[in-house]
């Protein structure tokens, strides 16, 4: 997609070198927006392969209100493993090799990388096979799904923001309050990772549903391709439920950054030419957005260039 390649190019040419929480370092810009017309095809990278089924299982995980990686691992989705693993290796229950700064060390030290990968595999197996262990160490805190579906009130009750949003679109589509927030300051200290994509708003006009996301922190090379596809999919799912066509997905970013150890991968991607966008295919079976399963969602005509590997910064 040209919009995304333009973002990469803009940050490479105009970004500022900054330090960051992970110690990796970034090239960063503040305040950037992309717009995608969802009528023109499903917005997923074609200049590198994005594993769409991982996008789907993560979004369904959010929609279920789940915050434990066990569901993800049961669907062969490893994108949240590092944050749960980090919590485990910092606990008194962990008795293995020292895992301090495991992400950076695995990138720089091949011998340590083998040790880290072995420990990670043991951790994943225990999460899947041991429910008690998963309950304790698979939890990521009150992240996205919890805030979307069970926002805690001061009276001890909960708010299902997503269900309320869908009902409001049906009954009051002109409302300017069609908003869901994942940013709950009270819960931030207990989250494995505070929400990067922190707030989204819907807008209805001319029989079409559009979505705007505000993302406080945008990992351009690894995270943003997932975020675009995820919120485009969410827009399609909600539009289907409320009987509207899809309009635009507008992606507004705060700190949009390229990690310093992703620069060569970015340059490789910029050398590629975008292909035609695929079409989203949804099963007619699910009654509501909350009834979808991974097998109900697919892409038709997705023929991307090969994937480009890059390390994740934790």
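All residue numbers here begin at 1 and follow the chain in the order shown.
Every residue, even glycine, has its Cβ placed from backbone N, Cα and C.
Just so it is clear, the model here is predicted, and its values are computed rather than measured.
Under the three-state DSSP scheme, residue 196 (active site, nucleophile) falls in the coil class. According to Swiss-Prot, the feature active site, nucleophile maps to 196, an assignment based on sequence analysis.
Mapped onto three states, the DSSP output places residue 257 (dUMP binding site) in strand. Of all Cβ atoms in the protein chains displayed, 27 besides its own lie within 10 Å of the Cβ of residue 257 (dUMP binding site). Residues or ranges marked as dUMP binding site by Swiss-Prot on the basis of sequence analysis: 21, 176, 177, 216, 217, 218, 219, 227, 257, 258, 259.
Packing around residue 313 ((6R)-5,10-methylene-5,6,7,8-tetrahydrofolate binding site) is summarised by its Cβ count: 21 other Cβ atoms lie within 10 angstroms of its Cβ, all protein chains included. Residues or ranges marked as (6R)-5,10-methylene-5,6,7,8-tetrahydrofolate binding site by Swiss-Prot on the basis of sequence analysis: 219, 313.
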If I take the alpha carbons of residue 219 (dUMP binding site) and residue 313 ((6R)-5,10-methylene-5,6,7,8-tetrahydrofolate binding site), what is the distance between them in whole Å?
9
If you measure from the C-alpha of residue 313 ((6R)-5,10-methylene-5,6,7,8-tetrahydrofolate binding site), which of the binding-site residues 21, 177, 259 fall inside 10 Å?
21, 259
Please report how many Å separate the Cα atom of residue 217 (dUMP binding site) from that of residue 196 (active site, nucleophile), as a whole number.
5
Any idea what the Cα distance is from residue 259 (dUMP binding site) over to residue 196 (active site, nucleophile), rounded to a whole Å?
15
For residue 21 (dUMP binding site) and residue 196 (active site, nucleophile), determine the Cα separation and express it in whole Å.
13
